[in-house]
Amino acid sequence: MNGIRDVVKEEQPRERLLLEGAGSLSNRELLAVLLRTGSKEESVLKLSDKILHHFDGLRMLKDATLEELVSIHGVGVAKASQLIAAFELGRRMVRLEYQNRYSIRNPEDCARYMMEEMRFLQQEHFVCLYLNTKNQVIHRQTIFIGSLNSSIVHPREVFKEAFRRAAASIICLHNHPSGDPAPSREDIEVTKRLVECGRIIGIEVLDHIIIGDHKFVSLKEKGHI
């Protein structure tokens, strides 16, 4: 089996990582360090290349399932599990930066808080951030996964968590898998319904942010709130 030790010395990614730091490694080299070994037919770097090619780079690889990974020749359950665990740790580390009572002062703060987690999602996720009186995030909840419409996103589910957490206000977010954050008619209808319910029960819906690919739209800034 071809492992990292079998690669030509100047191409050994683990040794380069130790000498030059992880930031000096390419995507294929970092992947090789995680995989550790290749197969009888190919080196670990060639296996890395094959995986990256199969998923068209990191964008699709980050959401790869166990079944998709093991379908690649040379990747077994153990290697696939290592990769999936590494990707999940990466996502959690990104979130850690913002979990210490992150304060939201404007739509940009809100988009920055959720952008990296939501912009690559393959389905629409409707998420609520629950804030205290200082506009600090005290909880977040995924309310619904799927195409957004006013009959599915029920105010009861949104405000139930607000009462549980004694939240002072709410910010709603959802992503557009197309990457285009332009609001649809349904997006606007859902927003207006939630805002009206919030007014009645005394928990303000501050904004509804639509996440695209490194772009976002604030429905408050657009005048829909």
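Here the Cβ of each residue, glycine as well, is placed from N, Cα and C on the backbone.
Take the Zn(2+) site that Swiss-Prot assigns to H174, H176: the candidate from D187, D207 listed for it is D187. The secondary structure of D187 (Zn(2+) binding site), as reduced to three states from DSSP, is helical. Cβ contacts within 10 Å of H176 (Zn(2+) binding site), excluding its own Cβ and spanning all protein chains shown: 23.
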